[in-house]
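For reference, TrEMBL has these:
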- A:1-19: compositional bias 'Low complexity' (COMPBIAS)
- A:1-42: region 'Disordered' (REGION)
- A:20-32: compositional bias 'Basic and acidic residues' (COMPBIAS)
- A:45-132: domain 'FANCL UBC-like' (DOMAIN)
- A:136-232: domain 'FANCL UBC-like' (DOMAIN)
- A:244-319: domain 'FANCL C-terminal' (DOMAIN)
Amino acid sequence: MDSPVPATLARAPARPQARAGEEACADTRQDAPAEAEPPPRRPAAFYSSVFAQIEEIGWKQLVSATGDGVSCLTFRVVDEPGRMHLLEITLPMGYPESPPSISADVPYLPKIHWSKNSRLKDVICQFQAHLKILQEFWNTMDEIDKVLWIVDPTKPSYAMSHRRIALGDDCYILLQVDARKPNSLPECRFLGTDGKLDQLIINWRKNRKKWDTKKKFHENLAAVLDFALPSPPSVGDKAKDDEQADCGICYAKHLPVDDELGAHSGCATDYMCENPSCSRAFHSVCLRDWLRSITTTRQSFDVLFGNCPYCSDPVAVKITGH
Amino acid sequence: MQASRARLFKEYKEVQREKSADPDIQLICDDSNIFKWTALIKGPSETPYEGGVFQLAFAIPEQYPLLPPQVRFLTKIFHPNVHFKTGEICLDILKNAWSPAWTFQSVCRAIIALMAHPEPDSPLNCDSGNLLRSGDIRGYQSMARMYTRLAAMPKKG
């Protein structure tokens with residue numbers, strides 16, 4: 001189901017008989033009230049023209065329209081492999097003589113070719129062509145995410161071209177992939193304890209000339225580092241469960257990285273309900289906050305006693321820190 | 001604030017993903033405010049609310065999910081546990097029996113259950129509660145059906 005067109009769109013004057021290519025009529029402005037510099041207004045033909053162009057593209061693709069009714073349009077664009085993108089088109093006051101500007105979650109934006117006779121559909125087509133060019137980049141990033149142990153970002157956006165890859169023994173390589181030439185040698189930085197990293201840095205400097213743009217990215221990386229890169233962690237059911245458990249209260253795997261949380265900053269769920277039928281996971285911070293917020297919680301020294309929010313079995317959480 | 005916002009985004013994604021799972025409940029998040037939601041729920045069958053579509057407003061506090069969302073009917077409804085003028089709902093899970101285990105979807109499900117099983121002993125609508133307590137089931141159902149037809153069904157013609 002498509003999201004409904006927001007009510008603000010209804011404010012715009014719309015003529016049912018609006019036709020594509022309709023001649024713009026002169027602005028028959030009424031006697032302006034005696035105000036200081038009223039804000040500039042769109043001619044009436046602007047709205048009928050934009051409506052006709054939206055119809056041309058398809059109302060189903062229109063996600064939202066904001067601004068003075070239709071000055072900022074967001075369209076849903078699906079690329080060939082099926083990735084869904086949101087393209088935001090902003091129509092400046094000088095439109096259509098002035099070109100619209102665009103915004104999207106891509107590593108770089110295309111340069112839009114525009115003349116005053118161009119239509120919004122042309123912008124969509126140019127964006128689709130741009131998405132086609134970016135497929136190689138996204139395929140490379142998808143393969144990296146699949147084959148290597150990515151610790152950051154955990155949920156990459158389409159625009160992100162950096163990856164922090166775990167090499168084991170608390171060593172990491174931070175890569176910046178060139179979105180225009182994704183198979184070329186990436187920029188890289190090494191993070192972690194010096195002892196282990198020294199050899200990797202030496203290998204990188206010595207071998208990076210061997211980077212082969214025809215080989216797969218992760219194969220190149222392993223060859224240049226002369227190192228067996230670890231796979232994403234997925235071994236063992238227990239480890240998998242621990243990795244994937246969301247907190248039953250905040251619905252996140254990891255707490256936000258925040259100074260206020262102290263030692264718990266960014267940590268995974270660390271408490272599990274002991275009822276075998278429940279086994280719900282929580283951050284102890286979230287569970288503690290919940291227990292503190294209800295009146296039935298009991299406290300003994302530095303331990304809070306209460307009931308699981310899901311199954312009501314007893315739970316107990318230590319009060320640590322402030 | 002940060003935790004509640006993150007949880008709301010997760011619930012929003014879940015709602016988008018399971019859009020067609022429950023035909024009786026439709027949840028809509030405000031375009032510009034993740035802390036404001038509305039819902040459309042169908043009146044349960046074999047009740048005087050059958051055939052009606054009722055709109056609910058959700059106002060989510062900053063401490064959510066440690067505190068429950070504030071839910072009220074926007075559509076007029078003749079029900080002992082719903083304040084006729086304000087739409088306030090007397091339901092324990094929205095007050096002292098709240099738990100972070102509840103989601104908006106399950107809250108709507110609980111409200112639908114409340115519509116099917118009114119509790120006249122704690123009324124917010126005294127007229128409705130009195131009818132039920134005095135045993136006038138027909139009178140209560142007649143009034144409820146009338147208001148459903150007036151307020152919760154799309155006008156014909």
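Yeah, the Cβs are placed from backbone N, Cα and C, and that goes for glycine too.
Since we're looking at a predicted model, the values are computed, not measured.
Residues of the domain 'FANCL UBC-like' (A:45-132) grouped by DSSP class, helix first, strand second and coil last, total 29 helix, 22 strand, 37 coil. Across the residues of the domain 'FANCL C-terminal' (A:244-319), the predicted structure has a mean pLDDT of 86. Summarised by DSSP class, the composition of the domain 'FANCL C-terminal' (A:244-319) is 17 helix, 19 strand, 40 coil.
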